[in-house]
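Only one structure is covered here, and it is reproduced in the block below.
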Amino acid sequence: MAGRYAPSPSGDLHFGNLRTALLAWVFARHDGRDFLMRVEDIDEQRSTMESAERQLSDLSMLGLDWDGDVLYQSSRHDAYRAAIAQLDTYECYCSRRDIQEASRAPHAKPGMYPGTCRELTPGQRAERRAGLAAQNRHPAIRLRAEVDSFTVVDRLRGEVTGDVDDFILLRGGQEPGWAYNLAVVVDDAFQGVDQVVRGDDLLDSVARQAYLCTLLGAAIPEYVHVPLVLNARGQRLAKRDGAVTLREMLVDAPLTHIISSLAASLGYEGISTPVELLAVFDPGALSLEPFIFTGLNGSATDRMDK
């Protein structure tokens, strides 16, 4: 049994990222699971090894330990290719504009691929493939889904039913890249991850990922979608909101104060280490409302419901 944290190395981790990492760690340790670390660096244009090293250093500094070696998605291309070979897929030649225009059609579901390329003839595929090649572009690869919805059980939210469409497994364009939905499912199965704690902004993708688990013969993990950290304007916290990364906060506050603020955002006062939080952590007491971050000197209990 294992939980995991899987940051994308595109910059330093901010207060919201650190809070989710702490929750992933404390859920896993509370339940007696191993805690694994994975670097989701398949987006080569945004990912850097420097960012990965800084993130891992920050998490270690915070007091989060993990079991085994760090897994880098950039080393997993063969596994993703093997997974696609097991699935019923087809090439998609649509541009983003094509999909946006199709979504405006009557009865179209927002955010759902309408299946434009699903039933093309071999001749139509050859013609469209040649058209993309002339632009030095590659088609995307989509899953040929046999369901339009899927239900999972989230530990905090109960049954969650989400839409499933013919979602992308391999992005097209001039530089093809593996899609998050494919990589995360393949890697969770490979690592034996049976608990996924992450931000609730990813709740919309859980049905697709759980359905993909069934197609690949992988067990569906326990999902725990935790609330995000928002800024004072009610928007998702971002690095542009000021001194919110660990290294920035350490300029003005000791590490114990930062950990105390993280724990207080979860409803626990007087905590100065993750181990202290683990000793008193109650998964059932976790608020489902977003936390409003107003700085380390702001109220540690500001939530949308107060």
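Any Cβ shown, glycine's included, is placed from N, Cα and C.
Here the Cβ of TYR180 (L-glutamate binding site) has 19 other Cβ atoms within 10 Å, regardless of which shown protein chain they belong to. In the three-state DSSP assignment, the secondary structure recorded for TYR180 (L-glutamate binding site) is helix. What Swiss-Prot records for ARG4, TYR5, ALA6, PRO7, SER8, GLU40, TYR180, ARG198 is L-glutamate binding site.
The Zn(2+) binding site feature in Swiss-Prot is assigned to CYS92, CYS94, TYR113, CYS117; the stated evidence is sequence analysis. Neighbour density for CYS94 (Zn(2+) binding site): within 10 A of its CB lie 19 other CB atoms from the protein chains shown.
Neighbour density for LYS239 (ATP binding site): within 10 A of its CB lie 16 other CB atoms from the protein chains shown. Summarising the annotation, Swiss-Prot assigns ATP binding site to LYS239 and lists sequence analysis as the type of evidence.
Model confidence over the motif ''HIGH' region' (7-17) stands at 94, taken as the mean pLDDT rounded to a whole number. Positions annotated as motif ''HIGH' region' by Swiss-Prot: 7-17.
Per Swiss-Prot, the feature motif ''KMSKS' region' maps to 236-240. Residues 11-12, 14-16, 201, 228-230, 293 of the same chain lie 6+ residues outside the motif ''KMSKS' region' (236-240) yet bring a C-beta within less than 8 angstroms of a C-beta in it.
Here the Cβ of ARG4 (L-glutamate binding site) has 28 other Cβ atoms within 10 Å, regardless of which shown protein chain they belong to. Taken residue by residue with DSSP, ARG4 (L-glutamate binding site) is part of a strand. Comparing Cα positions, TYR5 (L-glutamate binding site) lies closest to TYR113 out of the binding-site residues CYS92, CYS94, TYR113, CYS117. Distances between the Cα of CYS94 (Zn(2+) binding site) and those of the binding-site residues ARG4, ALA6, SER8 are shortest for SER8. Counting residues per DSSP class in helix, strand and coil order gives 2 helix, 1 strand, 2 coil for the motif ''KMSKS' region' (236-240). Per Cα geometry, LYS239 is the residue among the binding-site residues CYS92, TYR113, CYS117, LYS239 nearest to PRO7 (L-glutamate binding site). Using the Cβ center of ARG4, TYR5, ALA6, PRO7, SER8, GLU40, TYR180, ARG198 for L-glutamate, the list of other same-chain residues with Cβ within 8 Å runs, in sequence order, ARG38, VAL39, VAL184.
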